[in-house]
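Here's the structure, in structure tokens; my notes come after.
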Amino acid sequence: MKELVNILDFLPEELGEKIKPMFRVKQIYQWIYQKYANNFSDMSSLPKDLRLELARNFHFSPVKCVKNEQSKDGSIKYLFELIDGLRVESVLLPMKEEKIDAEGKRISHARYTICVSSQVGCKSGCSFCLTAKGGLKRNLSAGEIVGQILWIKKQNNIPYERRVNIVYMGMGEPLDNLKNVSKAVKILAQNEGLAISPRRQTISTSGLAKQIKELGQMNLGVLLAISLHAVNDELRTELMPINKAYNIAAIMDAVREFPIDQRKRVMFEYLLIDGINDKLEHAKELVKLLNGIKAKVNLILFNPHEGSLYKRPSLENAIKFQDLLSNKGVTCTIRESKGLDISAACGQLKERAKEQ
């Protein structure tokens, strides 16, 4: 039996090499990404013989949701099974946004962020992250990354034109899978598809300096987030073994070369761990480290998980840390840990066993 190919893996120009004329490719994209077709037979504007040809050669169901959990804060965690039986987790993070209309009335509507996985597992070995405990199984294809987003939007009846933010902060190190992640960025940005601008896509990395430079040279227009978590190499190597390969100085050099929109900043994620990296002297060192860089610091309070010896710091200490940074001119926020009660927060995602 012929093995079907995942059509979500293809950019329009690639699909155009297999399907003629090109306007049919645009129609296919629209059916999949905008009309949320469930199968090729739904694509009524296509000739019947083309629909049959597509069904003989392609599929567009690279992920299957086997479980979802909703948090009391509205976040939803999805457990997806891939075609080979491996599993990844993704999270939908809804937030209310208020705006004032032309008549001065306050309007409230939902704003969505989707946190996607780029690998099954991870080899970075960060001591505070549950994903790393199982090691790396494999990279996800571009279509498997896109498939998570498409499924979540379709399942939640989020119109394709509704703006969403994508954060590559789920399972895996995105820059360790740069080829497929960068392709996913391009597929998501297609006007005939989900039309998610690269400026709404944030790629997070544990600090792969070489790949940060490669990503910058691609000029995709994406936002960059650095998982820093320490201000000196000794502590960072203890928390994040990847620091042995790319130390803080190498990361900062790569960040300085990274092209960013004048209105944007590079985000530095800093996980506050009680008694480890949350002292005010750490905050002072962080100010020095970020000198001359258009940076925004996102403070995250450690999210506990089974087997971890680390503790979550008090909000009071986090605010003191934030105040010191802010008073020194560093833009700084404390991230609200959404999905904490369903293990969907930062550092809590993992490949769940099939018996679940």
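Note: Cβ is positioned from N, Cα and C throughout, glycine not excepted.
Annotation note: Glu89 (active site, proton acceptor) sits in a strand segment as assigned by DSSP. Glu89 (active site, proton acceptor) counts 25 other C-beta atoms within 10 Å of its own C-beta, drawing on all protein chains shown. Residues or ranges marked as active site, proton acceptor by Swiss-Prot: Glu89.
Residues annotated as active site, S-methylcysteine intermediate in Swiss-Prot: Cys346.
Under DSSP, Cys129 ([4Fe-4S] cluster binding site) is assigned to coil, being neither helix nor strand in the three-state scheme. Under the heading [4Fe-4S] cluster binding site, Swiss-Prot lists Cys122, Cys126, Cys129, citing sequence analysis as support.
Annotation source Swiss-Prot lists S-adenosyl-L-methionine binding site at Gly172, Glu173, Ser204, Ser227, Leu228, His229, Asn303, citing sequence analysis. Just so you know, the Cβ of Ser227 (S-adenosyl-L-methionine binding site) picks up 26 other Cβ atoms within 10 Å once every protein chain is counted. Secondary structure at Ser227 (S-adenosyl-L-methionine binding site), as computed by DSSP, is strand.
The DSSP secondary structure for Cys115 (disulfide bond) is strand. For Cys115-Cys346, the entry in Swiss-Prot reads disulfide bond, with the evidence type sequence analysis.
Annotated domain 'Radical SAM core' per Swiss-Prot: 108-341, in sequence order.
Note on the recorded positions Cys115, Cys122, Cys126, Cys129, Leu228: the fewest other CB atoms within 10 A surround the CB of Cys126.
Counted over all residue pairs in Gly172, Glu173, Ser204, Ser227, Leu228, His229, Asn303, the record's binders of S-adenosyl-L-methionine, the longest Cα to Cα distance measures 19 angstrom. Cys129 ([4Fe-4S] cluster binding site) and Asn303 (S-adenosyl-L-methionine binding site) have their C-alpha atoms 9 Å apart, to the nearest angstrom. Counting in whole angstrom, Ser204 (S-adenosyl-L-methionine binding site) lies 11 from Cys115 (disulfide bond) by their C-alpha atoms. Spacing of Glu173 (S-adenosyl-L-methionine binding site) relative to Cys126 ([4Fe-4S] cluster binding site) is 11 Å (Cα to Cα, whole number). Around His229 (S-adenosyl-L-methionine binding site), the same-chain residues six or more apart in sequence whose CB sits under 8 Å from its CB are Cys126, Phe128, Arg236, Leu239, Met240, Glu269, Tyr270, Leu271, Asn277, listed in sequence order.
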